[in-house]
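Asks: Input: one structure, supplied below.
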Amino acid sequence: MAHSVSSVVNKQLLAYIKESSELMTPKDIYVCDGSAEEYHNLCELLVKQGIFTKLNETKRPNCYLARSNPADVARVEKCTYICSEKEEDAGPTNNWMAPAEMKAKLNGLMKGCMKGRTMYVIPFSMGPIGGPISRVGVEITDSPYVVVNMCIMAKVGKKVLDLLGVDGTFVPCTHSCLAPLEEGQKDSTWPCNIDNRYIVQFPEEHRIVSVGSGYGGNALLGKKCYALRIATVLSREAGDSLAEHMLILGITNPQGKKYYITAAFPSACGKTNLAMLNATIPGWKIECVGDDIAWLKIGKDGRLWAINPESGFFGVAPGTSYKSNPNAMKSCEKDTIFTNVALTEDGDVWWEGMTKEVPKGKIITWLGKEWSADSGEPKPNLAHPNSRFTARVENVPVGDPGYYALEGVPVSAMIFGGRRENTVPLVFQSRSWKHGVLLGSSVASETTAAAEAAAGQLRFDPFAMLPFCGYNMGDYFGYWLSFADKYDEAKLPKIFHVNWFRKDNGRFLWPGYGENSRVLKWIIERVEGKEGIAKETPIGYLPAKGALDLSGLDVPEADMEKILTVDCKAYLSEVEKIRQYHSKFGSLLPKALIAELDALEQRLKAAL
């Protein structure tokens, strides 16, 4: 039978299924084949169970809405662990517990936890099946919601089993909602066990176990758990690879020459918007390879090549509109799973920021409560601030053909950036690869008044990887630095830093969105070695006067002056903040990184 364990021949997988079923005692076992028919059947099952609502087939063909438990709505960093053999290998940015202690805890929670449920076995490939940068995982879960989302987010099914063959290896990813069902017991519409959430990575074993949560980032284990936390470990072991929280975009100039750029930004800095940008400058075209994760590897030619290991977008819905990101909106017009957004009277979805006006008629909020604009009741959050859409990469109208390339795409430039109201210029280029690593290690965003910390405080998020690095971040900086020693720096990507968010008296100085293509144009011209377009400053290379293409753009010269000037005095206090942050890594902070920061300080002092 196609979906029974008898269809499995891989030795590691057979042992994994046996060990999992003996511990968790499911009522039956189902091996996923990744077919459209299977997806349809599971969605129908989820509708029957009350977990999915089918949306209006005319407005949103083949789309469904799910509502989670109100307490299970986001990644939970406090419940996320890197259980390395030694505590120092997890480092100061990760939670740690001794592996033996964690396993005892998990085994206690998982004994019989799938009682009355089906155990789904999901063989998946991160990246094109059989590609040199791609890797395989198998997720075992008791959640059909996880299965259908994984079928969008990764390449699932028989081809992966064929690739594994008898002796192939994979990363085992075990997930359970920890909600066993007794005979005749009515099931919940969102099984979870909030008080027992653990999202655990065992780096030496290349193994993931996540229990208690049914939510995306905690339950779709191919995503952050594998594609970043375990993949950072695998990449360092390989010695020639990186696994990064980066978008990948293709940019073609008017002469038809194409380049690829990766970019890492902390959350709420517009990563998906940049990945799906519509360029505003004539003759330039931007296409999307991926919006969240990049796996990179040095190719035979000495260049760094990248793949998007995912096959879908798990996008934040609120704030996404036809104005802010038309391509993201088009990508979720069909074949999409929505989680925790509002349901309109005509069977469509809505979220804050989608349109100026709230739709007329009755709306069911993400909490399943009825509300309407004319009810006289104050408007609640109709969609949860972290509500999501899960859509296929193929749906995006600006998809880049490089997404399908087995060997990936060659990367010419890397961008880091944060949300900074002052000090940090619109764009600058690092002086070298090692100086670029300093930029990555000091990525930061200012907290807003809405955050718990005082407004204007810096929250550092090195490489935008703070919650996602699977080993000690000091070692991670050292591994990045090693690329300059091991490889020809001339062939490595040029590194840049951007900041779209400079303000003056509360007013943004740069229009952002599609106009950011003007900054990408300058970056590509720097990659091409165009003369006379950059000026050297203590922090790196900035656009020379007149070098940024501002044609047809109405930005006052005084504003451009502000965002393209280095305030050395303000930057010296920046250096102090970076030094203070770096001190948390103690003796594992690489000396070469300290030397880069010292040199930056000297250049700034000399320029005063």
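Just so you know, glycine gets a Cβ as well, placed from its N, Cα and C.
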Asks: In Swiss-Prot, the residues LYS224, ASP292 are said to bind Mn(2+). Which of HIS206, HIS245 is said to bind at that same site?
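Replies: Record check against Swiss-Prot: Mn(2+) site with LYS224, ASP292, extra candidate from HIS206, HIS245 is HIS245.
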Asks: According to Swiss-Prot, ARG75, TYR215, GLY216, GLY217, ASN386, SER387, ARG388 bind substrate; which of SER125, SER267, SER430, SER432 is also listed for that site?
Replies: SER267
Asks: Of ARG303, ARG419, ARG502, ARG526, which does Swiss-Prot put in the GTP site with ALA268, CYS269, GLY270, LYS271, THR272, ASN273, ARG388, TYR513, GLY514, GLU515, ASN516?
Replies: ARG419
Asks: Cβ within 8 Å of the substrate site's Cβ centroid: which residues qualify beyond ARG75, TYR215, GLY216, GLY217, SER267, ASN386, SER387, ARG388?
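Replies: Near the substrate site, beyond ARG75, TYR215, GLY216, GLY217, SER267, ASN386, SER387, ARG388, sit VAL73, ALA74, PHE314, VAL316.
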Asks: For the recorded Mn(2+) site formed by LYS224, HIS245, ASP292, name the remaining residues of the chain with Cβ within 8 Å of the site's Cβ center, in chain order.
Replies: LYS223, ALA227, LEU228, ILE293, PHE468
Asks: Far apart in sequence but close in space: which same-chain residues, 6 or more away, have a Cβ under 8 Å from ARG388 (substrate binding site)?
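Replies: Within the chain, ARG388 (substrate binding site) has Cβ neighbours under 8 Å at GLY216, PHE314, GLY315, VAL316, ALA317, PHE338, THR339, ASN340.
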Asks: Please name which of the recorded positions listed here, ARG75, TYR215, SER267, CYS269, TYR513, is nearest in space to HIS245 (Mn(2+) binding site), Cα against Cα.
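Replies: Its closest listed neighbour, by Cα, is SER267.
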Asks: Which residues does GLY217 (substrate binding site) neighbour through Cβ under 8 Å, counting only same-chain ones at least six apart?
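Replies: The answer is ALA74, ARG75, LYS223, LYS224, PHE314.
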Asks: Mind giving me a neighbour count for GLY270 (GTP binding site)? Other Cβ atoms within 10 Å of its Cβ, every protein chain shown.
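Replies: Around GLY270 (GTP binding site), other Cβ atoms within 10 Å: 23.
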Asks: Tell me the Cβ neighbour count for LYS224 (Mn(2+) binding site), meaning other Cβ atoms within 10 Å of its Cβ, over all protein chains shown.
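Replies: Cβ-Cβ neighbours of LYS224 (Mn(2+) binding site) within 10 Å number 24.
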